[in-house]
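One structure below.
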Amino acid sequence: MGIKAALPRYELYLYSAVLAGALIWAGSWIFEASSDNVNRKAFKESVKPGWHYFGRKMDVADFEWMMWFSTFRNHILFALTGHVIFAKIFTLLAPKIGIDGCKHRPLIFAAYGGIAVLVTMGWTFMTLVVSHCIILYSVALVKKKWMCFAAGLSTLASIKLEPYNSWQEALVTGSFDLQDILFYGGCGFSIMRCMSFALENCDRKEGNYTFSDLLKYNFYLPFFFFGPIMTFDRFHAQANNTQLTRKEREMWNITTKALLHLGVILVVDVFFHYLYILTIPSDMKLVNKLSDSCLAGLAYSNLVYDWIKAAVMFGVINTVATLDHLDPPQPPKCITMLYVFAETHFDRGINDWLCKYVYDYIGENHDKIFKELLATVCTFAVTTLWLGPCELVYIWSFFNCFGLNFELWVAKFFSIPPFSIMEGAMGEAMSRRIRGVFNAANFWAIVLYNVLSLNSLEFAKLVGRRIIFKGFPLSTLSVLLVTYCGVQLVKERERQQALLEDPDPVKPVDDGKEKAE
């Protein structure tokens, strides 16, 4: 089925109306549950005083969001602003002291980043990170990929598994609220960057990259603690580009995105005062009393929020990186736009890293069942280590690995006769509708498989049991119908984008009649 298969306009209008009505309906249930239970004892720790004049309390269950945009907002802004100002001052002063500012940009970025890390975390943490760099650089000189993987994954395991992680964390002196997050974030992302450097050095045909290249790459402050990961080949090429020019309206686009991120932060703040989507799932007694529509809305809204959080946090960092003339990994694709496991990710930097060095390297074209199985198993094995091995991560990895492979198995099965003949005989619009039914079921598999990592296994099991079993057939078919409408609207958006990229004369289908494309 071609991606440019069109549907009648009135059908798309109907899908839009159904989806909008369902979202308002589910939202009203969540709002009612939030307002009626605001003073529950279980909410005491995560629902705090908010807008006093409006009498609204605020959901503060997500420490990461509060850290970025409330508690430590000024500290983070100070560090990122200092990076921009430091780089700008050097750019202005460099010509006056006879230094090529463009040529030495990576060194200046690394110098500021190293100083900031040293001041924030202390010399023991800095020594630990540099020791990781030395180990992986030494292995990179051998130019054996299996050795780079072995050394890199072993080093990563040393900060993810007991007792090695506790021993290394104890080396970091001092005590402050962000210490654990900065320690594991800084060490984890540093090791992944070092592995990227080592693997790219293996692919270099002549000579080796220098240790200073690794330090310049690793200590770029905007990416250091929180990511995203930018593979070494891309960073090295862009950071060492001396032809620094701005595209037309680039500064306008940067300003627009910054204002957009600010607007999203304000919108999320408003929602947190009216919809306690993060706190409610933690109270299983309350969750058991909610309607099926409210549960489905809670599960979906939690994944949407997690995407918004990733998009905003990475968007802030990416704005700084763009000012430095870099092209960083873009924010993840919105969960609403996902109906296949192959495109599901919440961190595009990690996703790009895994695809480049593991998934695509082993799976190649991803059309052979055994190679795809091996590629996905290896990919999720590395992902499990990256996230930190525990029961919940094992379950999450297993189901997402299964979902990715199951998609290929189903696609292979339906590509053989008589199914392929049947699909070829029907119109493209009808083929799109039938595929949309399967995609709707797949969407909820993605939601259930991922909501367990955001909330809890108990909440995911309850949502699945209520929607699939206890709610059958009314709740099950209602949720699938709404999801089907959403999937078709996403497909329509993809169709329009495909037409912009390859503008063939495609006419819309009206009055239920299919017209040739």
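For all residues, glycine too, the Cβ spot is worked out from N, Cα and C.
Among the features that TrEMBL reports, transmembrane segment is placed at 12-31 (among others).
The annotation transmembrane segment is assigned in TrEMBL to 75-95 (among others).
The transmembrane segment feature in TrEMBL is assigned to 107-137 (among others). Outside the transmembrane segment (107-137) by six or more residues, the chain places 79, 82-83, 86-87, 90, 101, 148, 151-152, 155, 168, 171-174, 179, 182-183, 186-187, 190-191, 194-195, 197-198, 211-212, 214-216, 218-221, 224, 239, 324 with a CB less than 8 A from a CB of the stretch.
Listed by sequence, the residues of this chain that lie at least six past the ends of the transmembrane segment (219-238) yet keep a Cβ under 8 A from its Cβ atoms are 79-80, 83, 106, 109-110, 112-114, 116-117, 181-182, 185-186, 189-190, 192-193, 196-197, 200, 209, 213, 313-314, 317-318, 320-321, 324-329, 347-350, 352-353, 356. As annotated by TrEMBL, transmembrane segment applies to 219-238 (among others).
Among the features that TrEMBL reports, transmembrane segment is placed at 258-279 (among others).
What TrEMBL records for 436-455 (among others) is transmembrane segment.
The transmembrane segment annotation in TrEMBL covers 467-487 (among others).
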Open item on the list: Six or more residues beyond either end and a Cβ under 8 Å away: which residues meet both conditions relative to the transmembrane segment (12-31)?
Closed with: 274-277, 280, 290-291, 293-294, 296-298, 300-301, 481-482, 485-486, 488-489, 492
TODO: Could you give the residue numbers and ranges of same-chain residues that sit at least 6 residues beyond the transmembrane segment (75-95) on either side and whose C-beta is under 8 angstroms from one of its C-beta atoms?
DONE: 68, 101, 104-105, 108-109, 112-113, 116, 120, 221-222, 316-317, 320, 323-324
Open item on the list: Do any residues, 6 or more residues outside the transmembrane segment (258-279), come within under 8 Å Cβ-to-Cβ of it, and if so which ones?
Closed with: 27, 30-31, 33-35, 38, 43, 46-47, 50-51, 54, 56-62, 65, 69, 298, 301-302, 305, 308, 311-312, 315-316, 319
